[in-house]
Amino acid sequence: MTRIAITGAAGRMGRVLIEAVAADENAQLGATVVLADDPMAGIDAGALAGLGKEMGVKTATSLASVIDDFDVLIDFTAPEATMENVELCRSHGKNIVIGTTGLNEAQKVRLQQASADMGIVFAPNYSVGVNLCLNLLRMASKVMGDDSDIEVIEMHHKHKVDAPSGTALRMGEVVAETMGWDLNEVACYGREGQTGARPHKQIGFETIRGGDVVGDHTVMFAAEGERVEITHKAQSRMTFAKGAVRSAKWVCEQTHGLYDMSDVLGF
Ligand SMILES: NC(=O)C1=CN([C@@H]2O[C@H](COP(=O)(O)OP(=O)(O)OC[C@H]3O[C@@H](n4cnc5c(N)ncnc54)[C@H](OP(=O)(O)O)[C@@H]3O)[C@@H](O)[C@H]2O)C=CC1
Ligand SMILES: O=C(O)C1=N[C@H](C(=O)O)C[C@H](O)C1
(Lines of atoms letter the chains of each structure in order from A; the text may use other names.)
(Lines give C-alpha, C1' and ligand atoms only; values in the text may rest on other atoms or scores of the structure.)
(Ligands and ions follow the chains in the order given, each with its own letter.)
Protein backbone atom coordinates (compact mmCIF):
# COMPACT_ATOMS: atom_id res chain seq x y z
CA MET A 1 0.00 0.00 0.00
CA THR A 2 1.55 3.32 -1.06
CA ARG A 3 1.18 6.09 1.52
CA ILE A 4 0.62 9.41 -0.22
CA ALA A 5 0.81 13.00 1.07
CA ILE A 6 -0.77 15.93 -0.77
CA THR A 7 0.46 19.54 -0.52
CA GLY A 8 -1.73 22.39 -1.77
CA ALA A 9 -4.56 20.18 -0.54
CA ALA A 10 -7.16 22.97 -0.56
CA GLY A 11 -6.39 23.92 -4.17
CA ARG A 12 -8.34 22.93 -7.29
CA MET A 13 -6.06 19.95 -7.91
CA GLY A 14 -5.45 19.20 -4.22
CA ARG A 15 -9.10 18.43 -3.50
CA VAL A 16 -9.43 16.19 -6.57
CA LEU A 17 -6.20 14.41 -5.63
CA ILE A 18 -7.67 13.53 -2.21
CA GLU A 19 -10.68 12.04 -4.00
CA ALA A 20 -8.44 10.08 -6.39
CA VAL A 21 -6.38 8.61 -3.52
CA ALA A 22 -9.57 7.71 -1.63
CA ALA A 23 -10.84 5.82 -4.69
CA ASP A 24 -7.61 3.83 -5.23
CA GLU A 25 -7.51 0.55 -3.33
CA ASN A 26 -3.71 0.38 -3.55
CA ALA A 27 -3.12 3.85 -2.16
CA GLN A 28 -3.59 5.28 1.29
CA LEU A 29 -3.83 8.95 2.21
CA GLY A 30 -1.00 9.64 4.66
CA ALA A 31 -1.20 13.42 5.03
CA THR A 32 -2.72 16.58 3.61
CA VAL A 33 -1.04 19.98 3.94
CA VAL A 34 -2.29 23.55 3.44
CA LEU A 35 -0.78 26.98 4.14
CA ALA A 36 -0.72 28.08 7.81
CA ASP A 37 -3.44 30.71 7.33
CA ASP A 38 -5.77 28.46 5.33
CA PRO A 39 -9.25 28.12 6.88
CA MET A 40 -9.10 24.40 6.03
CA ALA A 41 -6.19 23.79 8.47
CA GLY A 42 -7.07 21.06 10.96
CA ILE A 43 -10.06 19.80 8.97
CA ASP A 44 -10.35 16.12 8.04
CA ALA A 45 -9.20 15.47 4.45
CA GLY A 46 -12.53 13.84 3.54
CA ALA A 47 -14.40 17.01 4.53
CA LEU A 48 -11.81 19.18 2.73
CA ALA A 49 -12.45 17.29 -0.50
CA GLY A 50 -16.22 17.24 0.04
CA LEU A 51 -16.34 13.43 0.08
CA GLY A 52 -19.09 13.24 2.69
CA LYS A 53 -17.01 10.91 4.88
CA GLU A 54 -14.02 11.26 7.19
CA MET A 55 -10.65 9.85 6.09
CA GLY A 56 -8.93 10.00 9.48
CA VAL A 57 -6.32 12.49 8.22
CA LYS A 58 -6.26 15.87 9.91
CA THR A 59 -4.99 18.55 7.50
CA ALA A 60 -1.59 19.86 8.63
CA THR A 61 0.04 23.23 8.01
CA SER A 62 3.62 22.04 7.48
CA LEU A 63 5.00 19.12 5.52
CA ALA A 64 7.79 18.65 8.08
CA SER A 65 5.24 17.90 10.82
CA VAL A 66 3.85 14.88 8.87
CA ILE A 67 7.09 13.67 7.30
CA ASP A 68 6.83 10.17 8.84
CA ASP A 69 3.27 9.65 7.56
CA PHE A 70 3.95 9.09 3.83
CA ASP A 71 6.19 7.42 1.22
CA VAL A 72 5.57 9.82 -1.66
CA LEU A 73 4.38 13.40 -1.92
CA ILE A 74 2.09 14.64 -4.69
CA ASP A 75 2.71 18.36 -5.11
CA PHE A 76 0.54 20.63 -7.28
CA THR A 77 1.28 24.04 -5.73
CA ALA A 78 3.58 26.83 -6.98
CA PRO A 79 7.25 26.72 -8.09
CA GLU A 80 8.91 28.04 -4.89
CA ALA A 81 6.78 25.82 -2.66
CA THR A 82 7.49 22.80 -4.85
CA MET A 83 11.25 23.35 -4.62
CA GLU A 84 11.11 23.60 -0.83
CA ASN A 85 9.11 20.38 -0.70
CA VAL A 86 11.62 18.63 -2.99
CA GLU A 87 14.46 19.47 -0.59
CA LEU A 88 12.49 18.30 2.46
CA CYS A 89 11.54 15.02 0.75
CA ARG A 90 15.13 14.53 -0.44
CA SER A 91 16.53 14.90 3.08
CA HIS A 92 14.00 12.40 4.49
CA GLY A 93 14.20 9.68 1.80
CA LYS A 94 10.77 10.39 0.30
CA ASN A 95 9.75 10.37 -3.37
CA ILE A 96 7.79 13.13 -5.10
CA VAL A 97 5.34 13.54 -7.99
CA ILE A 98 5.35 17.13 -9.23
CA GLY A 99 2.45 18.63 -11.17
CA THR A 100 3.35 22.28 -10.64
CA THR A 101 4.08 24.16 -13.88
CA GLY A 102 6.02 27.38 -14.46
CA LEU A 103 9.36 26.19 -13.00
CA ASN A 104 12.34 28.17 -14.34
CA GLU A 105 15.50 26.62 -15.81
CA ALA A 106 17.47 26.87 -12.53
CA GLN A 107 14.68 25.07 -10.68
CA LYS A 108 14.64 22.31 -13.31
CA VAL A 109 18.41 21.87 -12.86
CA ARG A 110 17.85 21.51 -9.09
CA LEU A 111 15.31 18.76 -9.77
CA GLN A 112 17.89 16.92 -11.86
CA GLN A 113 20.40 17.22 -9.00
CA ALA A 114 17.91 16.10 -6.34
CA SER A 115 17.00 13.03 -8.40
CA ALA A 116 20.41 11.53 -7.51
CA ASP A 117 18.92 10.85 -4.06
CA MET A 118 15.20 10.33 -4.70
CA GLY A 119 12.57 9.32 -7.22
CA ILE A 120 10.94 12.30 -8.96
CA VAL A 121 8.17 12.25 -11.53
CA PHE A 122 7.85 15.70 -13.10
CA ALA A 123 5.29 16.20 -15.86
CA PRO A 124 3.32 19.21 -17.05
CA ASN A 125 0.33 17.00 -17.71
CA TYR A 126 -0.63 13.67 -16.09
CA SER A 127 -3.43 12.77 -18.51
CA VAL A 128 -2.93 9.70 -20.69
CA GLY A 129 -4.36 11.58 -23.68
CA VAL A 130 -1.86 14.44 -23.63
CA ASN A 131 1.03 11.99 -23.38
CA LEU A 132 -0.37 10.11 -26.38
CA CYS A 133 -0.57 13.47 -28.20
CA LEU A 134 3.13 14.07 -27.52
CA ASN A 135 3.88 10.89 -29.44
CA LEU A 136 1.50 11.87 -32.25
CA LEU A 137 3.31 15.22 -32.44
CA ARG A 138 6.61 13.46 -33.09
CA MET A 139 5.07 11.65 -36.05
CA ALA A 140 3.28 14.76 -37.35
CA SER A 141 6.47 16.83 -37.11
CA LYS A 142 8.41 14.23 -39.11
CA VAL A 143 5.75 13.99 -41.82
CA MET A 144 4.45 17.58 -42.00
CA GLY A 145 7.09 19.74 -40.26
CA ASP A 146 9.17 20.70 -43.29
CA ASP A 147 6.13 21.84 -45.27
CA SER A 148 3.93 23.47 -42.65
CA ASP A 149 3.77 26.30 -40.14
CA ILE A 150 3.44 25.05 -36.56
CA GLU A 151 1.36 26.84 -33.93
CA VAL A 152 0.45 25.80 -30.36
CA ILE A 153 -2.84 27.14 -28.98
CA GLU A 154 -4.01 26.60 -25.41
CA MET A 155 -7.00 27.70 -23.34
CA HIS A 156 -7.40 27.45 -19.56
CA HIS A 157 -9.62 28.80 -16.79
CA LYS A 158 -9.28 32.43 -15.71
CA HIS A 159 -7.44 31.53 -12.46
CA LYS A 160 -4.36 30.06 -14.14
CA VAL A 161 -1.24 32.07 -13.23
CA ASP A 162 1.38 30.84 -15.73
CA ALA A 163 1.50 31.17 -19.52
CA PRO A 164 1.92 29.45 -21.86
CA SER A 165 0.81 26.34 -20.01
CA GLY A 166 3.46 23.77 -19.09
CA THR A 167 1.80 21.36 -21.49
CA ALA A 168 1.94 23.84 -24.40
CA LEU A 169 5.64 24.41 -23.73
CA ARG A 170 6.29 20.65 -23.61
CA MET A 171 4.42 20.25 -26.90
CA GLY A 172 6.62 22.98 -28.38
CA GLU A 173 9.74 21.24 -27.03
CA VAL A 174 8.73 17.92 -28.56
CA VAL A 175 8.11 19.52 -31.96
CA ALA A 176 11.37 21.50 -31.79
CA GLU A 177 13.38 18.41 -30.76
CA THR A 178 11.90 16.41 -33.64
CA MET A 179 12.63 19.21 -36.13
CA GLY A 180 16.20 19.62 -34.82
CA TRP A 181 15.40 23.19 -33.69
CA ASP A 182 16.20 25.01 -30.44
CA LEU A 183 12.88 26.11 -28.91
CA ASN A 184 14.54 29.19 -27.36
CA GLU A 185 15.43 30.38 -30.86
CA VAL A 186 12.20 29.56 -32.69
CA ALA A 187 9.44 30.27 -30.13
CA CYS A 188 7.16 33.24 -30.78
CA TYR A 189 4.93 34.07 -27.79
CA GLY A 190 1.99 36.01 -29.26
CA ARG A 191 1.99 38.58 -32.09
CA GLU A 192 0.97 42.22 -32.35
CA GLY A 193 1.43 45.09 -34.81
CA GLN A 194 3.63 45.06 -37.94
CA THR A 195 5.07 41.59 -37.37
CA GLY A 196 6.24 40.95 -40.94
CA ALA A 197 5.59 37.65 -42.67
CA ARG A 198 5.83 34.52 -40.60
CA PRO A 199 9.17 32.68 -40.99
CA HIS A 200 8.89 28.93 -41.55
CA LYS A 201 11.31 28.10 -38.75
CA GLN A 202 9.05 29.31 -35.97
CA ILE A 203 6.71 27.78 -33.36
CA GLY A 204 3.98 30.21 -32.37
CA PHE A 205 2.24 30.05 -28.97
CA GLU A 206 -1.19 31.55 -28.37
CA THR A 207 -2.66 31.66 -24.86
CA ILE A 208 -6.37 32.09 -24.09
CA ARG A 209 -7.71 32.49 -20.55
CA GLY A 210 -11.34 32.52 -19.44
CA GLY A 211 -14.15 30.90 -17.52
CA ASP A 212 -13.73 27.42 -16.11
CA VAL A 213 -11.95 25.62 -18.97
CA VAL A 214 -10.02 22.70 -17.46
CA GLY A 215 -7.36 22.58 -20.21
CA ASP A 216 -7.47 22.61 -24.02
CA HIS A 217 -4.42 22.24 -26.25
CA THR A 218 -4.13 22.24 -30.06
CA VAL A 219 -1.00 21.95 -32.17
CA MET A 220 -1.65 23.05 -35.72
CA PHE A 221 0.42 22.06 -38.75
CA ALA A 222 -0.72 24.56 -41.41
CA ALA A 223 0.53 23.61 -44.88
CA GLU A 224 -0.41 24.90 -48.37
CA GLY A 225 -3.83 23.41 -49.13
CA GLU A 226 -4.34 21.41 -45.94
CA ARG A 227 -4.07 21.64 -42.18
CA VAL A 228 -3.58 18.99 -39.49
CA GLU A 229 -4.63 19.77 -35.92
CA ILE A 230 -3.83 17.58 -32.92
CA THR A 231 -6.17 18.54 -30.11
CA HIS A 232 -6.62 17.41 -26.53
CA LYS A 233 -9.41 18.65 -24.27
CA ALA A 234 -9.45 17.77 -20.58
CA GLN A 235 -13.01 17.70 -19.28
CA SER A 236 -12.24 16.88 -15.65
CA ARG A 237 -9.28 17.42 -13.32
CA MET A 238 -9.76 13.79 -12.25
CA THR A 239 -7.85 12.74 -15.38
CA PHE A 240 -4.75 14.57 -14.04
CA ALA A 241 -5.31 13.31 -10.50
CA LYS A 242 -5.57 9.65 -11.55
CA GLY A 243 -2.34 9.99 -13.55
CA ALA A 244 -0.57 11.56 -10.57
CA VAL A 245 -1.70 8.78 -8.19
CA ARG A 246 -0.60 6.18 -10.75
CA SER A 247 2.79 7.95 -10.92
CA ALA A 248 3.07 8.01 -7.11
CA LYS A 249 2.61 4.24 -6.88
CA TRP A 250 4.99 3.70 -9.81
CA VAL A 251 7.84 5.89 -8.54
CA CYS A 252 7.95 4.01 -5.23
CA GLU A 253 8.89 0.90 -7.23
CA GLN A 254 11.79 2.63 -9.08
CA THR A 255 15.37 3.43 -8.23
CA HIS A 256 16.30 7.09 -7.82
CA GLY A 257 15.96 9.25 -10.93
CA LEU A 258 14.03 11.96 -12.74
CA TYR A 259 11.09 10.59 -14.71
CA ASP A 260 8.11 11.94 -16.61
CA MET A 261 4.63 10.60 -17.34
CA SER A 262 5.78 8.84 -20.51
CA ASP A 263 8.09 6.72 -18.32
CA VAL A 264 5.15 5.86 -16.06
CA LEU A 265 3.04 4.88 -19.09
CA GLY A 266 5.92 2.91 -20.64
CA PHE A 267 5.89 4.94 -23.90
N1 LIG B 1 0.73 18.46 -14.32
C2 LIG B 1 -0.62 18.44 -14.43
O3 LIG B 1 -1.22 17.46 -14.91
C4 LIG B 1 -1.38 19.62 -13.93
C5 LIG B 1 -0.71 20.68 -13.39
N6 LIG B 1 -1.38 21.70 -12.79
C7 LIG B 1 -0.57 22.72 -12.13
O8 LIG B 1 -0.70 22.54 -10.72
C9 LIG B 1 -0.52 23.79 -10.06
C10 LIG B 1 -1.71 24.04 -9.14
O11 LIG B 1 -2.87 24.20 -9.91
P12 LIG B 1 -4.29 24.45 -9.22
O13 LIG B 1 -4.60 23.33 -8.29
O14 LIG B 1 -5.24 24.78 -10.29
O15 LIG B 1 -3.98 25.79 -8.38
P16 LIG B 1 -4.60 26.29 -7.02
O17 LIG B 1 -4.16 27.72 -6.85
O18 LIG B 1 -6.05 25.98 -6.94
O19 LIG B 1 -3.89 25.36 -5.93
C20 LIG B 1 -2.57 25.52 -5.51
C21 LIG B 1 -2.53 25.31 -4.03
O22 LIG B 1 -1.20 25.44 -3.56
C23 LIG B 1 -1.16 26.33 -2.47
N24 LIG B 1 0.07 27.08 -2.41
C25 LIG B 1 0.44 28.13 -3.15
N26 LIG B 1 1.64 28.58 -2.77
C27 LIG B 1 2.01 27.79 -1.76
C28 LIG B 1 3.15 27.77 -0.94
N29 LIG B 1 4.14 28.65 -1.07
N30 LIG B 1 3.22 26.81 0.01
C31 LIG B 1 2.23 25.93 0.16
N32 LIG B 1 1.12 25.91 -0.58
C33 LIG B 1 1.02 26.83 -1.54
C34 LIG B 1 -2.33 27.27 -2.70
O35 LIG B 1 -2.74 27.85 -1.49
P36 LIG B 1 -3.52 29.27 -1.53
O37 LIG B 1 -4.75 29.04 -2.34
O38 LIG B 1 -3.81 29.55 -0.09
O39 LIG B 1 -2.58 30.22 -2.17
C40 LIG B 1 -3.38 26.35 -3.29
O41 LIG B 1 -4.14 25.72 -2.29
C42 LIG B 1 -0.33 24.82 -11.18
O43 LIG B 1 1.06 25.02 -11.38
C44 LIG B 1 -0.94 24.14 -12.40
O45 LIG B 1 -0.43 24.61 -13.61
C46 LIG B 1 -2.73 21.75 -12.76
C47 LIG B 1 -3.46 20.73 -13.32
C48 LIG B 1 -2.85 19.60 -13.96
O1 LIG C 1 -3.30 25.11 -14.41
C2 LIG C 1 -4.00 24.19 -14.90
O3 LIG C 1 -5.21 24.10 -14.65
C4 LIG C 1 -3.36 23.20 -15.76
N5 LIG C 1 -2.06 23.24 -15.89
C6 LIG C 1 -1.26 22.33 -16.60
C7 LIG C 1 -0.37 23.05 -17.60
O8 LIG C 1 0.08 24.19 -17.32
O9 LIG C 1 -0.04 22.49 -18.64
C10 LIG C 1 -1.97 21.14 -17.16
C11 LIG C 1 -3.44 21.31 -17.43
O12 LIG C 1 -3.63 21.75 -18.73
C13 LIG C 1 -4.18 22.14 -16.40
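Note that Cβ sites are derived from N, Cα and C of the backbone, with glycine treated the same way.
Note: TrEMBL annotation is automatic and uncurated.
Taken straight from TrEMBL:
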type	residues	note
ACT_SITE	HIS156	active site, proton donor/acceptor
ACT_SITE	LYS160	active site, proton donor
BINDING	GLY8, ALA9, ALA10, GLY11, ARG12, MET13, ASP44, GLY99, THR100, THR101, ALA123, PRO124, ASN125, TYR126	NAD(+) binding site
BINDING	LYS53	NADP(+) binding site
BINDING	HIS157, GLY166, THR167	(S)-2,3,4,5-tetrahydrodipicolinate binding site
DOMAIN	3-126	domain 'Dihydrodipicolinate reductase N-terminal'
DOMAIN	129-265	domain 'Dihydrodipicolinate reductase C-terminal'
ASP44, LYS53, ALA123, LYS160 filtered to the recorded positions whose C-alpha is within 10 Å of THR167 ((S)-2,3,4,5-tetrahydrodipicolinate binding site): ALA123
For LYS53 (NADP(+) binding site), nearby residues of its own chain (Cβ under 8 Å, 6 or more apart in sequence): GLY46
Close-lying binding-site residues around ligand 1 among GLY8, ALA10, ARG12, ASP44, THR100, ASN125, where CB distance stays under 6 Å: GLY8, ALA10, ARG12, THR100, ASN125
Conformational class of GLY166 ((S)-2,3,4,5-tetrahydrodipicolinate binding site) under the three-state DSSP mapping: helix
Where the C-beta lies under 6 angstroms from ligand 2, the matching recorded positions among ARG12, ALA123, LYS160, GLY166, THR167: LYS160, GLY166, THR167
Shortest C-alpha distance to THR100 (NAD(+) binding site) - which of the recorded positions HIS156, HIS157, LYS160, GLY166: GLY166
Cβ packing number for LYS160 (active site, proton donor), 10 Å threshold: 18
CB contacts for THR100 (NAD(+) binding site) [other CB atoms within 10 A, all chains]: 23
Candidates HIS156, HIS157, LYS160, GLY166 (recorded positions) - the one closest to ASN125 (NAD(+) binding site) by CA: GLY166
